[in-house]
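J.: One structure follows; several queries about it will come next.
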Amino acid sequence: MLNADRIGGLLLSGLGIACIAASIQLPRIPGQPVGPAVFPIVVGVALCPCAVLILLSAGAVPEEEMIGDDLPAQYSPAMAALRLLLPPVILVLYVLAIEPLGFLIAGFSVIMATAVLLGGRMIYAVPLAAVMTVAIHSVFGTLLRVPLPDGLLALPW
Amino acid sequence: MERRNVLGVLGAAILGVSCAGAALAQDYPDRPITLILPWSAGGGSDAVARIVATGLERELGQPVNVVNRTGGNGVVGHQAIASARPDGYTIGLITAEINMMHRLGLTNLTYEAYRPLALINTDPAGIHVSADSDLASAGDLIEAIKGGETLRFSGSGQGSVWHLAMAGLLVRAELDPTAAVWVPSQGAAPAMQELASGGVEVVLSSIPEADAMVSAERAKTIAIMADQPDPKHPEIGTLAGQTGIDWTVASSWRGIVAPAGTPDDVAQRLEAALKVVYDSAEYQDFMDQRGFGLLWADAAGFGEWLADKEKQFGEVMAAAGMTAQ
Amino acid sequence: MDTLIASFQMIASVEVIVVIALSSLYGLTIGCIPGLSATMATALLVPITFYLSPVAAVAAIISASAMAIFSGDIPGTLLRIPGTPASAAYTGEAYAFTKRGEPEVALGAALWFSAIGGIFGTLALMLIAPALAELALQFSSYEYFWLGCLGLLCATLVSSGSKPKAMAALMLGLLVSCVGMENAAGTPRFTFGSIELLSGIDVIAALVGVFAVAEVMRAMIAQPAPVIPRRKFGSILAGQWALTRQYKRQMMRGNIVGVMIGALPGAGSDMAAWVSYAISARFSKTPQKFGTGHPEGLVEAGSANNASLAAGWIPSLLFGIPGDTITAIAIGVLYMKGLNPGPTLFTQNAASMYAIYWVFIIANIIMIPLGIMMIRGTTYILQVPRWAIMSTVLLCCAVGVYAVTNSMASVLIAAGFGVVGYGLDRYGYSVAAFVLGIVMGPMVEENFVTSLIKSGGSITPFFDRPAAAVLAVLTLAGLFGPLLFRLIGGMRRRSTAH
């Protein structure tokens, strides 16, 4: 955790300074004694001492008190990082695909991809994805009138 | 910068006409229509949009879904209407902010990005003060500011139509535009809260927005910025009647538009349907019950209204120093 | 008496009963889907209330929102993915019960104390609404600023682990809330030229990201947790009576704090949950047990968020000023149905008012049997293989956040915040404090800036109004109190050592 906290502290102090620098450039509003810059500057200023404290106490916290530090050594670090980023990447692909392909195809693919990546067997994942996609579409699209794009494939109801 | 973008919008509009015109024909509409609303569910505009949507549904025989695209003081939703495919399957409800947001430097979007269909409502600004306030008329208000008192106004956000109402009042009364303070708020309700707790002296908002607090005897309406007194509140005088100041331009209004480039036959079909909806007992009763002002203008009239507001807002905003550099 | 009978006839109709039942089920379902808050459940109901009678329309909103606030605790407890922001304060605590194999204890407490809190809030609405509304109207932006600061102080109390990291996470959350142009100046900040970012980072999208997407990410690299052997749950309510007696002080404190926060316009059940949980931790005899699956904080915060929900109707009904985001939507429905808020509602429409009270009480009572069914049903989720749950959760997230804003940008925001949330949790930064910053940021900033605009830049009005002065003292004591105590304690120890 020593290095992680050093990097975290540096990142946070950098962010605090960047935030102050960016806020100073915000325009002043005529007729308002305090403009849009004040609050982000206050936050940025408050962030810096927190970052310094984190830097100073880096390594001081005993290992077992760290939260979420229970990674199994099942994957190599590179592989683990790759797998970690998969859910956000799937969501990004979903956003790109939903307009041309429609919700049913995009949603089915999201469930299929995630299920298989998490070790689900094809034979179970396919029916699950099909049922869930149709169910979600019926609840949100049909009952609650959320405008889910139809794309290539639309439900009959 | 701005001119280039207007040209861009026009170019896109022409392109839109040539592409979309051919495919559409007599059988419009043959699938559900989306009505984009730049404001959130539960507000006054939401109610109006939903009443109109139900009426259109009956007239056109297809579902009309209201979609709330909120945020950015209306910029996000207004932009979404303008950039929708101009095929008549996406229309929108736009509000007075369209004539202001581009001058505030928030967007390059102007009313020219739309094809106007119908104007369906307008509400003038009411001047509300606390029930125990010494200000009994708009005349008192002007005198107080002239006497050097710094009055604090609220009613909605920075750069909103009610902010413009205050700025215009000062400009037309030939007072320094900084003689009064505009305290931004998230809407009429929090502003009325500030009024009751003594945080501000004056709230500008439409009459129905202040209704609950006025009937609770926490606030009183001293004047409205309109040509004629409100038929439901004839006892409230007009600004011009009380002070001789001619300033009625900053009213809130709601109109239905389609993206620029929507084909003529589709637009005419929608305009005719909107006229029926506007005249329906359901719409008239609803607006009357909520206390919203009724005003109809057809597509051509709405277009002129938009152009006229654009010009007048521009003059006052420049004079009051509200325009972004 | 006549109005009482008339009001009873109003709710005894088939329509109202069917509506209450259906919207209760709807609220329970929506609340437990990650990404759909109680506010969203209400907003999605608006088009449907269009077709209902006035009392039925209000009944739909009341039952759906009450159920959704309770039900938001379910995925939080079972999967560590809170369903609503109001549950985010104590998700870690509730999840600790599940890890220990006792999810039904936490869920039972959430249900029982939600119902009690809801009924307490209703009683406050019925009996002391005018007095509370009077108090609420005294609050100006100065008081709200201090109130917001008190809320922020909860950050270090609701988070276990390093205090500087919790503060840093809070500040990060506040920075996130700066994005967009929903600030008092109406000026776009940190939007990088994007139109979508003008409306800022949606709280729900961020919440879904840091909890739900991050949980799916964790699943990608961790071994599935060993399936907890299914054992027969005892009566879900049996243990609750003992808890009620043991923690009756905490429960009452939660109820009262919930009612106060709910009745104040602009602060809702989210804040009530955080503040109550923090109060509970601060005044507990065993603060070290917090975060390890200890019911005390759940009792207090669970009562508070439902109590605030009912109390939020007080300023809404009397003055048309919404008490929270849910009643902001409900006011629109009231107007639409001709039940215009204001004191005349209590005189001219007294029967409808009583009918609304009835609905509140009924909704909070049927919450118990429906909730038990829901708890028994949903705990089977723990037996379902992880790949099936997590893949469905991911799609629900995508659809849920889209439904909130009707914008695909929200899905991208949720994806991005998944990475942020995973990183924060992995390196010991409190995710709860981060979310608190996002939730409270706009309120604190807006009231800070408008206060300064009103005072012309002077800070005296922050202290010279009576209510503001009291809140200021509380805030400063909360901020510097622990430091002072430590200094005094340190000096005393040194002097005794001499």
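Cβ from N, Cα, C; glycine included.
According to TrEMBL:
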| type | residues | note |
| --- | --- | --- |
| DOMAIN | C:18-436 | domain 'DUF112' |
| TRANSMEM | C:12-36 | transmembrane segment |
| TRANSMEM | C:48-70 | transmembrane segment |
| TRANSMEM | C:109-132 | transmembrane segment |
| TRANSMEM | C:144-161 | transmembrane segment |
| TRANSMEM | C:168-185 | transmembrane segment |
| TRANSMEM | C:197-221 | transmembrane segment |
| TRANSMEM | C:255-279 | transmembrane segment |
| TRANSMEM | C:313-335 | transmembrane segment |
| TRANSMEM | C:355-375 | transmembrane segment |
| TRANSMEM | C:387-420 | transmembrane segment |
| TRANSMEM | C:427-444 | transmembrane segment |
| TRANSMEM | C:467-488 | transmembrane segment |
J.: Which bits of the chain, at least 6 residues beyond where the transmembrane segment (C:427-444) starts or stops, bring a Cβ under 8 A of a Cβ in it?
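T.: Answer is 85, 88-89, 91-92, 144-145, 148-149, 151-152, 154-156, 158-162, 165-178, 182-183, 201, 203, 206-207, 210-211, 214, 266-267, 270-271, 274, 420-421.
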J.: Could you tell me whether the transmembrane segment (C:467-488) and the transmembrane segment (C:197-221) have 3+ CB pairs under 8 A, leaving out pairs under 6 positions apart?
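T.: Output no: the transmembrane segment (C:197-221) is apart from the transmembrane segment (C:467-488).
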J.: Go through the chain and flag residues at least 6 beyond the ends of the transmembrane segment (C:387-420) whose CB is under 8 A from any CB in it; none is fine as an answer.
T.: 33-37, 40, 44, 79, 81, 194, 196-197, 199, 201-202, 204-206, 208-210, 212-217, 219, 381, 434
J.: Looking at the transmembrane segment (C:12-36) and the transmembrane segment (C:313-335), are there 3+ C-beta pairs under 8 A, with each pair at least 6 apart in sequence?
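T.: They are not in contact.
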J.: Spell out yes or no: are there three or more C-beta pairs under 8 angstroms between the transmembrane segment (C:144-161) and the transmembrane segment (C:48-70), with each pair 6 or more apart in sequence?
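T.: Between the transmembrane segment (C:144-161) and the transmembrane segment (C:48-70), contact is absent.
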J.: When you scan the chain for residues with a C-beta under 8 Å from the transmembrane segment (C:48-70), skipping those not six or more beyond its ends, what do you find?
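T.: Same-chain contacts beyond the ends: 10-11, 13, 15-16, 19-20, 22-28, 30-31, 36-39, 41-42, 83-84, 86, 110-111, 114-115, 118, 269, 305-306, 309-310, 326, 329-330, 333-334, 336-339, 352, 355-356, 359-360, 362-364, 367, 370-371.
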